Each structure stands twice: as structure tokens, then as C-alpha cells.
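See below for the structure under consideration.
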Amino acid sequence: MIRNERMTVVHQAKIAHNIFELTLQGELVQDMAPGQFVHVRVGDSFEPLLRRPISIANINKDMNEFTMIYRAEGRGTELLSKKQVGDTADILGPIGNGFPVDAAAPGSTALLVGGGIGVPPLYELAKQLNARGVQTIHVLGFQSENVAFYEEQFSAFGETHYVTADGTKGTKGFVTNLLDERKPEFDVFYSCGPLPMLKALEVQFPDKEGYLSFEERMACGIGACFACVCNTTEAVEKDYVKVCSDGPVFPKGVVAL
Amino acid sequence: MSRINIELPGLQLKNPIMPASGCFGFGREYAQLYDLSKLGAIMIKATTVETRRGNPTPRVAETAAGMLNAIGLQNPGLDKVLAEELPFLEAYDVPIIANVAGTEIADYVEVAERISQAPNVHALELNISCPNVKCGGIQFGTDPATAQQLVEAVKAVSTVPVYVKLSPNVTNIADIAKAVEAGGADGITMINTLIGMRLHEKTGKPVIANGTGGLSGPAVKPVAIRMVYEVYKNVTIPIIGMGGVTNAQDVIDFMSAGASAVAVGTANFVDHFVCPNIIEALPSKLDELGVEHISEIIGRSHR
């Protein structure tokens, strides 16, 4: 259920260049699942006006806390990055359909592929998959070493590979270069990142079950405004889907790429 | 006794607050958040004869205290709205104002004739002001004679009162208002969005795929207030005002300028509970003003 809550900041830290980790406390956490997002109002003024959709990176139901990792690159996220412990934030959520954890059977192996600010939601996913006995392999792509994060956290759950566009960390190039080289064995893949990356994965693994998380400009965040509509492939009956309320995660082959 | 009920052609409003068309879909999403029966009315998303897929994305862009949109009247088409969307809303005690759009007069007539017969549709809102579709919409709203002709054609078939949604993208909005009144319109809703454009900082190209979009949000409120003020002086039919409403004071402002009721648009995306919040805040606003009933506020700027 989507609710609106003023949540309290319990932690904020800069973890890479322009990348922030923000932990909030409140009741909404009890309803959260991996791959879902929250719609954040960063202030009370009209500037900036709209909410910011930000993915959920870590859920701690015992503590009523969740963590988001975001890039401060515009007015909204810059203001968010100024919030300090004890401040509150207006959060609407949790929103959308997340990653289906039960698509990976205990004992199987899942490949998690993230790109840039698409990496954070894979962390909670890796945590929950491992908790049900699924082995996870992580392939994480970034522009450069200075914007990469969570190496230790992902490594704690399984084999983790880094790829950077400029070669400053891990393999140089795109995540698909590394996947071509290493050819990891897996049963199902999950991914979140830029469209070209999602498209490349669909092409590279036509026979594997896969789930992709999409991003699109949003206004309402709940499916009413029709801003984040994507065309679908001929394989599905509906001729469009909304990223916010039908997604953000869709099975491979649903969204026309 | 209620202090905030309003009676308009076809509409017994519990309160003067209603979500604006295009900002509330067909109510399903907001129904998950609160009881839609709290609302004065609901202006549903524009309905056309055929299914419309809308424009390519990006369809929205944020601007200073506002946003641009170019959704492109995406809707499932008249048959589905009648079969699925309106019946869903029958579960709520709230009158529906059906926003009607088309590319030629015959389209408007077909949608109006059929949708006006739905049991919960209490009024129509003719969309002659959508800035985001290539043909239809706005050209009916920028020429007084064409606007009048369209209203006459729709009035001939509609079984419920007809309101006309005016575009602010005109030289003289009073001329259009007078023309739709002459055509037999029962009321006016105003304003639709202002045509605008935002450029990408790096490429210099428009951010929205459609190039232009409609500007809405708090940034447009002064424009809307001025236009309601002017139209009120020129027509006798009631006005439902809108444009940047976010709180109870904005409602008082629109009603002072001459609106009999007020629609809330973009604010629904920012504070998803804004409509019930405003409704709750209205009585104490009336206390502050020393007013017993909200209808006393209507047009007070002119007295």
C-alpha cells in the first residue's frame, strides 16, 4: 500500500563523487520490497516543485529503516543531500512492482547487472536472494572509479565484478564486454541501469529468464498522469505500460527497447 | 448545514474542490489513497472516440514552480471509458465531469452524446484547449466563431450541462468566453495550460519530445486569476477556475476573482492528498474572513 509519511533522517553520508547514502526511519519500511522506489519531496517550497523517484537500496524492517543511494546532480537531489540526521523528509511509497525474488529457486544462481545509479536496488535484491539460498554474481558498471560504490557490501554476498567506461576500476568498457569475456553460468538475471545496457542484456541472453528495472521521467508516480508510459513489444497484450505503477521492474521482453 | 456546498448547472457539489482533467486519470490511482466521495466532483481524463496512444517520451519537464507536459490526450477511447472507467467511479458518491476531446466537430458530438448518458456523468467539459495534439483541441478554442459552432453542436446532443474549457493561449479570452456563452454553454472552466518550452542545458534542444508542452503549477496562477477576473466581467454563466491551485487560500483567490468552484491540477502530483487537505482547511479559512458560506466569496473582487 502506498502511504505518505514524514520520515526521519538517521544517517546521511557521501560515499563517492556526488553519490550519497541516506537512511530514513518510519513505518513505510514495513511494506517495502526490493526493486520498489519512493517518491521524495525534498522541501516544502515550490522550487523544485515535483517529487523525485529514488530506488530503495536497503531495507531493515527490524529497525524501521531503509536506505537510498542517489546521485546529487540537480536542484532536487542537491537539496536532499543537505539533509542532516534528525531532519525529516516527505516520502510517498513504497511504489511499484519490484524484483521477483521467488523467480530464483534456492540453490540456483542469479546474475545481477547494474549500471551507475541503477546499482543501488540490486543490493537489497542480492541480500534477499542470498537469504533464500540463491547464489548471486554481481556485475556493476560505472563511468569511473570515483563514482563506484558498495564493493565490500556486494562482495560479501558473492562474486563481484566492476566495469568502468574509462578503465579506472575493473574491466574497461561496458558490462556486456565483461559478460562476453567471462561467460558466467547462471539461471536468471536481474538488471537495473541505462536503456542501452538493458537492451544489450536482452540481446545477449535471449534464452534466459530476466527482469529489468526501468527509469523514465515521472510526475505523479502513481499511474495517474501518463508521463512515464513505455511502448510494449508485440509479445504482450497491453500496448503500453507505465513505469511507475506497472513497473519499474518488468520481465524481459515486455518493454519495446 | 454545510458552509462549503455549491450548486452549479448539473452539479450539486458537497464542496467546490475537484481534481482537474488529466491530473487524476479516471480516479483509480487516487482511490488507493483516499475516499473519492470526499471530492466535490472529478474531472476525468479527456476521452476521445478512438483509443489514443499519446506522444513519445519525455512527456514532462520541471520548470521554476511549475512543469511542462505533453501527454497527448492518451486515453483508452470512448467504449472502454464507458465500459470500465465510469462504472468503477459509480462506487463513489461524487459527480463526474467528463472531459470531451476530438479532432473534428463530429468526434466531439459522438463522445458527448454517448458519455452524457452515463449515470454518473453530471456535466461535460469540452476540451477546446489542449495544446499538445497536432489537430483538434486548441484550434476550436482560439477562434470565437469555431468555438461557438462546436458548443452549439454538442449542446444539441448532450443530455447534461456543457462546460467549455478555455485556452489561455489567445489574444482575447473574453471574446472566446462570450462566444461559447452565445453558443449555449452552461459554464466555463479555465484555464488550460500555457504553451511553453524548456531547453536541455547541454544540447540546447527541447527537453520534451513534442518540443512544446503545457505549463502548469503555481507559476501560472497569476495568469489564471487575471483571466478568471476578466471573463467573470464578460459572461453570466458560472466559471470553474484553475491554474496553480495548491491550498485553501488559492481557492479563495479564484472564487474572489469570480470562480464558483475550483479545480486542482499539478498539485495532485506534489501532495497526493491536496484535494482532501484543501477541503478540510476551507471552513477555518471562512472563519478568518468572517464569512458564513463560501458562496459569499464568489466575485467579491468586483464588488
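Including glycine, each Cβ sits where the backbone N, Cα and C put it.
Annotation comment: TrEMBL describes B:5-286 as domain 'Dihydroorotate dehydrogenase catalytic'. Computed over the domain 'Dihydroorotate dehydrogenase catalytic' (B:5-286), the whole-number mean pLDDT of the model equals 95.
According to its DSSP assignment, B:A46 (FMN binding site) is in a strand. Take the CB of B:A46 (FMN binding site) and look out to 10 A: across all protein chains shown you find 25 other CB atoms. Among the features that TrEMBL reports, FMN binding site is placed at B:S21, B:K45, B:A46, B:N99, B:N127, B:K165, B:I191, B:G217, B:G243, B:G244, B:G265, B:T266.
Annotated substrate binding site per TrEMBL: B:K45, B:N69, B:A70, B:I71, B:G72, B:L73, B:N127, B:N192, B:T193, in sequence order. A strand conformation is recorded for B:N127 (FMN binding site) in the three-state DSSP classification.
TrEMBL lists B:C130 with the feature active site, nucleophile. Its own atom aside, the Cβ of B:C130 (active site, nucleophile) has 25 Cβ atoms within 10 angstroms in the protein chains shown.
In terms of Cα distance, the recorded positions that sit within 10 Å of B:A70 (substrate binding site) are B:C130, chosen from B:S21, B:A46, B:N127, B:C130, B:I191, B:G243.
Listed recorded positions near B:K45 (substrate binding site): B:S21 (candidates B:S21, B:C130, B:I191, B:G243, B:G265; Cα-Cα distance within 10 Å). Proximity of B:I191 (FMN binding site) to non-local residues of its own chain (separation of 6 or more, Cβ distance below 8 Å) is seen for B:S129, B:L166, B:S167, B:P168, B:I173, B:V220, B:V223, B:A224, B:M227, B:V228, B:M242, B:G243, given in sequence order.
There are 31 other CB atoms within 10 A of the CB of B:G243 (FMN binding site), with all protein chains counted.
Rounded to the nearest whole angstrom, the C-alpha distance between B:A46 (FMN binding site) and B:T193 (substrate binding site) is 14.
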